[in-house]
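This report refers to the structure that appears directly beneath it.
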Amino acid sequence: MNRRLTSFISSEGVSYMTICSSSFSAAMAFCFLEDLRWEFRASYDNTSIGLVSRPYPFLEFDSVIQKIKHHYSYSSFPTLRMNLAAVEEELRVRPSKILTAEDMVMHNGTANGHAQPVSGTAASERMKPVTGLGILSLLLNIMCASLNLIRGVHLIEYTLQVSAEGPFSLLRGVHLIQYTLQCYLYLFFTSVKKLQAFLALAFVFLCNIYLYGLRNIWQLLFHTAVASLSTYQISTRKLQEKLDDCGV
């Protein structure tokens, strides 16, 4: 059975890998990778590499890879023999590290014993498309927030004159924050959005209880219904399923 060996090197944030037959020596593989690295760095600078998030801009480099591959597979120029001798000497002084499959496996976000920090929000995560009912809940939230803002500003003008209105103006400000938070939770993904959504709904209920007397029953029911609809939309809007990357 013809075994395949995988060799790779890393330099300046870029890794270069080759899979070759066991008949190729390790020195030949690393010599190939070194030439590949030089050609790649000559073709792309740090800025162009840093701006790329997918491999497609590097497709044109495949012609260079094929040229180097042909050079190593079918040629035996003196320069190649000189480079090979230098690499063999370097490998003798500093042997390459041999990795097993277990060394390269990833477990729950931990690669080779090093865990990557995970933030509370995932900016790269994509939510499912906004539905018509979701747009309606957003519009109603914006309308309720605007009404509370207008009423709150109006009450603040009379806070010094009528001290009893002070707490109610504060509650309207809290109301405004809750509706704004519900809009944010619906549009963007957070790891604890359900908990935050239900806490926001609870605060809306409490505010409506404290505001009972300044609003009639229909106003209270309307604000409660809007908050409940938003909470339902937040809870049911899921992340898009990730498709397998089939890139180069």
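Every residue number used here counts from 1 along the chain in the order it is shown.
Here the Cβ of each residue, glycine as well, is placed from N, Cα and C on the backbone.
Taken from TrEMBL as is:
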type: DOMAIN; residues: 1-65; note: domain 'Longin'
type: TRANSMEM; residues: 130-150; note: transmembrane segment
type: TRANSMEM; residues: 170-188; note: transmembrane segment
type: TRANSMEM; residues: 195-211; note: transmembrane segment
Between 0 and 100, where does the mean pLDDT of the domain 'Longin' (1-65) sit?
79
In the domain 'Longin' (1-65), how many residues does DSSP assign to helix, to strand and to coil?
33 helix, 16 strand, 16 coil
